[in-house]
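What Swiss-Prot records for this protein:
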ACT_SITE  69  active site, proton donor/acceptor
ACT_SITE  181  active site, proton donor/acceptor
BINDING   5, 6, 37, 38, 70, 71, 182, 183  substrate binding site
């Protein structure tokens, strides 16, 4: 199984996969050279995704791919499924689930600008905005803050307030917030403190949905594990990566190495 993202947000998906499939072996591709995907063009996102899968598939016998990134999923998933002959799972902003949960009919969607601007997300927003008010924040800054938090950097309340200012000033805030990026679940507590100090809010991410899809597929398919180790690959060697190594210990990677994607 290959799981890839430009940052550590995808590790939240890996963590949940390990819970339901403790014996599965996996490759995590940290494309930190391209972090964040959210500020890249659709052309770059598509070509980079193809390059990642193609390069790793030549080296390792992967039989499932999990795109642990809303931006790539909304922009490139259909193209990747046409190009490769292995099952590819993606993660999407779960607006349908939010509609079922919201009480005040005001739904918040936080995602990268590329995810917000994708035709998939625009179509979904249009579909559900008839019966709900959907408040949108498109930001590439939140993923950077989440990455820094993982590496031990304190979360700046000032920066968070600047990002969420459009909602802070609303007379009625969304009671349900869709986390449209796998990084954002790392900041749930901080977001709640900024917006809802005395009120409750329901956060929705799509991790459970994609985990269910993967589990269902594995139950009905005869997939043989050909990878016998847990492997962590990265595309750029820098100081941030060194700070991440202690955090990675919990995932029991036996191989950590650089891979050239250029």
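Positions of Cβ are set from backbone N, Cα and C atoms, glycine also.
Between the alpha carbons (Cα) of residue 5 (substrate binding site) and residue 69 (active site, proton donor/acceptor) lies a span of roughly 6 Å. Neighbours of the substrate site: apart from 5, 6, 37, 38, 70, 71, 182, 183, residues of the same chain with C-beta atoms within 8 angstroms of the site's C-beta centroid are 7, 9, 10, 36, 68, 69, 72, 112, 115, 143, 181. Comparing residue 38 (substrate binding site) with residue 69 (active site, proton donor/acceptor), their Cα atoms are 9 Å apart once rounded.
Once the Cα atoms of 5, 6, 37, 38, 70, 71, 182, 183, the listed binders of substrate, are compared pairwise, the greatest separation found is 12 Å. According to DSSP, residue 69 (active site, proton donor/acceptor) is assigned to coil rather than to any helix or strand.
Taking the Cβ of residue 183 (substrate binding site) as reference, residues of its chain lying under 8 Å away and at least six apart in sequence are, in sequence order, 7, 8, 9, 142, 143, 146, 147. Between the CA atoms of residue 71 (substrate binding site) and residue 181 (active site, proton donor/acceptor) there is a gap of 8 Å, rounded to the nearest whole number. Least packed by the Cβ count within 10 Å, out of the binding-site residues 6, 70, is 6. In the structure shown, the C-beta of 71 has more C-beta neighbours within 10 angstroms than that of any other entry among the binding-site residues 71, 182.
When the Cα atoms are compared, residue 70 (substrate binding site) and residue 181 (active site, proton donor/acceptor) turn out to be 5 Å apart. Sequence-distant neighbours of residue 181 (active site, proton donor/acceptor): residues of the same chain at least 6 apart with a C-beta under 8 Å from its C-beta are 9, 38, 69, 70, 71, 110, 111, 112, 115, 142, 143.
DSSP assigns residue 37 (substrate binding site) to a helix. Within the same chain, the residues at least 6 positions away from residue 37 (substrate binding site) whose Cβ sits under 8 Å from its Cβ are 5, 6, 31, 45, 48, 69, 71, 72, 112, 114, listed in sequence order.
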